[in-house]
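J.: Below: one structure in structure tokens.
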């Protein structure tokens, strides 16, 4: 792991003089921490014409780009693109309304109002907002759990036969979904205004891809009943997917052959034409609208042959024409759906912003993540009053919008106008459209999501922790359903981050010859440790969950049992103190000779008098007869730290204390958390900024004494500072002292 090296020195002085952080602060005149006052905030928030204009342009980006719209260059492409996407909106809107358990007209509304609103507030030029399969299936799971069809059974003419009151059920579900949509919009707008656009970063790419893949399986299973023409119960909660699948398998003998044949023919036709569209994309002016063609042909056949009466094929039913007035949602649903609304808000935004950034990077413009939250939120919030369900961005529609020449959201507005014409005049013509056709459209459009299973191979080679996140997300979403599965997946992804910070890579650094670069000695053969100096580095920041392991790893890497040596020192000092109390102040003359003999030849016992004798020197490891470390300094490389907490500050102070007990100086290099250490009362008379250096190399020069123009400065309170000011290395006596004799006797 490379560490940035910066050699600091005074101007006009040879580069040999190394400056500590304390001297650098004085030389560079570090500014005091800024304090934000209420008056300063009010002054910044003071209204002015320029501020109002800036805010208006920020929240209505259309005012910024529309006056500069290049009509000659972009208009034709946007018209072609808008018509193409509008044609896609029609069948997908009907299909995704079916997926959400709602009447088909709500899909058309959701393809009109939000798309039109996004034109004013969005910053992405190529995102095609509207109904999306994953969001629709999330909404469908809520409608089926809170308002299942069983609640709306009515008897037929007073007999024991019961049927579902679909009109009443659909009306209740529309109100429920409108509540979810409005709440999702509120969450998105609030997060955008609070500048919380970064919240989507907690949904990593493997998590989102694993989640959408599992959601596509939910979509597939939910549409099998429409493919086989069987009726199944509506399940919710954990394992609901498997309950639905088991019931469908049990009812396979009841399959409606006409429905199955219709679905298979539609799926084959749509799949083949889509593949041709992809293969000849460069030669076709616009993709063949196979979904619309399939809907028109199947509706005509259904109406002419009367498939519903003759073969029992289920059809869409009445689609009312015209726009409906806004309706206030039921507030009684708020408490029941608030969690689902938040999950839908986050997932919808995550998909939208990820697509927006892809197109922005490709075409060289910027997407404002917070403004995208606001745009999506306002589209959902206002659309909820008009019987829309929550929307997001569709990859397939966005790709068509881009490939057919779309350059701005003018294409989006034109596509919404296509849907408006359908709502006003054409929608009622699709009443005989078989539901099997819509199921076929949904299933074929899942192809892109099922391709994400290839992530296994990629993640296995690149990052197996991300692969584990993908698998856990996929399995949890299948087992626990979409809402609980998302929460469990996010929790697991965050746990992997915690585990990775708890188990970082610890290394001892050595200097690469003839450079100022320091590398891991276990990884680089040319990196050699500095004699007498241990340079320790962690690949993670320090906080309460890993700082204890940091201290243990440091002591282990140092090659000496620090705690045991400290315990031995304390034990010897206790014995020495006890022995001193028992010895008389002055020995008899007969014993003085014996004491001199015990001290060994050539060793003189110097008796000090006055103030010097009243303050004896502090015992050292050598004088106590204890083993000494083979190094005299430790450098803690803090270049990986970006924050510290109170627990880590306490443990680092303990590291200074413990190593000083065994006469080893501790220094810190490349620290970017000085201000946080100051606020945490880290510095004291024994730990000062004289121990901190801008780089590892500066600290090494300071310790090794390679500087020529200034003496080596030790940290106050360090063993070298106490034993001798300005000594570059540990002072070593030539022979044992009386304390050593006493310790050996004990």
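Backbone N, Cα and C atoms are what each Cβ position is placed from, and that goes for glycine too.
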J.: For the annotation transmembrane segment in TrEMBL, which listed range does it cover: 373-397, 523-547, 548-572?
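T.: Of 373-397, 523-547, 548-572, TrEMBL gives transmembrane segment for 373-397.
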J.: Which range, 140-169, 440-469, 470-499, does TrEMBL list as transmembrane segment?
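T.: The range carrying the transmembrane segment annotation in TrEMBL is 470-499.
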J.: Looking at 237-256, 257-276, 317-336, 577-596, which stretch does TrEMBL describe as transmembrane segment?
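T.: Based on what TrEMBL states, transmembrane segment spans 257-276.
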J.: The transmembrane segment (341-361): which same-chain residues, six or more beyond its ends, come within Cβ distance under 8 Å?
T.: 123-127, 129, 132, 134-135, 138-139, 179-180, 183-185, 187-188, 191, 197, 199-200, 203, 205, 208, 211-212, 367, 369, 372-373, 376-377, 380, 390-393, 395, 398, 402, 482-483, 486-487
J.: What else in the chain is close to the transmembrane segment (373-397), if you only count residues 6 or more beyond its ends and a Cβ gap under 8 Å?
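T.: Answer is 59, 85, 88-89, 92, 97, 100, 102, 105-107, 109-110, 113-115, 117-118, 121-123, 127-132, 134-136, 139, 174, 177-182, 184-193, 196-197, 323-324, 326-329, 344-345, 347-349, 351-353, 355-356, 445, 448.
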J.: Mean pLDDT, the domain 'STAS' (523-703)?
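T.: 82, rounded to a whole number.
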J.: Could you give the residue numbers and ranges of same-chain residues that sit at least 6 residues beyond the transmembrane segment (257-276) on either side and whose C-beta is under 8 angstroms from one of its C-beta atoms?
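T.: Here the qualifying positions are 226-229, 288, 290-291, 294, 298, 307, 311-314, 434, 436-437, 439-441, 443-444, 447.
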J.: For the transmembrane segment (288-305), could you work out the same-chain residues 6 or more beyond its ends whose Cβ comes under 8 Å from its Cβ atoms?
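T.: Distal contacts: 84, 87-88, 90-92, 94, 262, 266, 269-270, 273-274, 276-277, 313, 315, 429-430, 432-434, 437, 440-441.
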J.: Which residues of the chain, 6 or more past the ends of the transmembrane segment (470-499), have a CB below 8 A from one of its CBs?
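T.: Contacts of the transmembrane segment (470-499) (Cβ under 8 Å, skipping residues fewer than 6 from its ends): 137-138, 141-142, 202-204, 206-207, 209-211, 213-215, 217-218, 236-241, 339-340, 343, 346-347, 455-456, 459, 545.
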